[in-house]
Amino acid sequence: VGKLLAWISLAPLGIGAGFVALILFRRDLHTIVFFLGTLVNECINILLKHWIKEPRPMSRAQIWTEYGMPSSHSQFMCFFATYVLLFIFIRLHHINNSNSARFERLVRLLVLAICWTAAFLVCFGRIYLLYHTLSQVLIGALVGTVMGALWFLLTHFILTPYFPMVVLWRVSELFLLRDTTLIPNILWFEYTVTRHEARARSRKLVSMKSQ
């Protein structure tokens with residue numbers, strides 16, 4: 001059980017790697033801002049740790065900081081899960097195409113279940129493995145939840161309206177940044193555009209060979 005929980009506690013690293021991959025290959029402003037929010041959340045955790053200075057329940061030589069209040073793992077996971085929760089119920093509430101509405105709702109519920117189950121297991125694992133006390137994990141979860149909600153509201157209501165203007169900046173064009181806010185289903189959009197472009201290029205290639 002301990003080894004399993006130890007592997008699950010690496011979830012923040014996996015999520016961080018996923019963010020980096022998405023940013024490199026998709027260049028979407030919302031993903032970038034979401035990732036910046038996780039960095040801000042981590043900075044606040046470090047500040048709180050060195051302000052409160054509460055030790056961990058067990059001293060370990062390999063831990064880079066001896067302070068445990070609040071738990072950075074629980075704060076990160078609850079930040080991520082809260083942001084995803086609000087993103088699905090506020091940002092994606094209008095995506096209800098007739099034929100796929102039920103399937104999309106099931107997918108969203110599955111995503112939420114995975115996020116919150118992972119958050120719970122990470123939080124439980126930090127207590128089970130004696131990296132944190134119960135209070136350190138609960139405070140970390142509370143701070144992460146509040147930070148996730150605040151960052152989503154900041155992004156959705158204040159920053160998102162500026163995205164169309166940001167993508168027009170020269171530096172945005174240099175790094176191929178894009179804004180997909182107004183595209184309700186980006187996966188279906190990219191699929192149809194790619195399929196149309198592939199068919200057009202295929203017809204053009206056949207036409208060139210026949211000449």
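Just so you know, the numbers here start at 1 and follow the chain as drawn.
Glycine is no exception: its Cβ is also placed from the backbone N, Cα and C atoms.
Automatic prediction, not curation, is the source of TrEMBL annotations.
Over in TrEMBL, the protein carries these features:
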type	residues	note
TRANSMEM	6-25	transmembrane segment
DOMAIN	31-152	domain 'Phosphatidic acid phosphatase type 2/haloperoxidase'
TRANSMEM	32-52	transmembrane segment
TRANSMEM	72-94	transmembrane segment
TRANSMEM	106-131	transmembrane segment
TRANSMEM	137-159	transmembrane segment
Beyond the flanks of the transmembrane segment (106-131) by at least 6 residues, Cβ under 8 Å: 1-2, 5-6, 8-9, 11-12, 56-58, 60, 63, 68, 71, 73-74, 77-78, 80-81, 84-85, 88, 92, 137, 140-141
Any contact, the transmembrane segment (137-159) to the transmembrane segment (6-25), with at least 3 Cβ pairs under 8 A: no
Within the domain 'Phosphatidic acid phosphatase type 2/haloperoxidase' (31-152), residues counted as helix, strand or coil by DSSP: 89 helix, 2 strand, 31 coil
Long-range Cβ neighbours of the transmembrane segment (32-52) (under 8 Å; 6 or more residues past either end): 15-16, 19-20, 23, 65, 67-70, 72, 75-76, 79-80, 83, 140, 143-144, 147-148, 151, 155, 159, 177
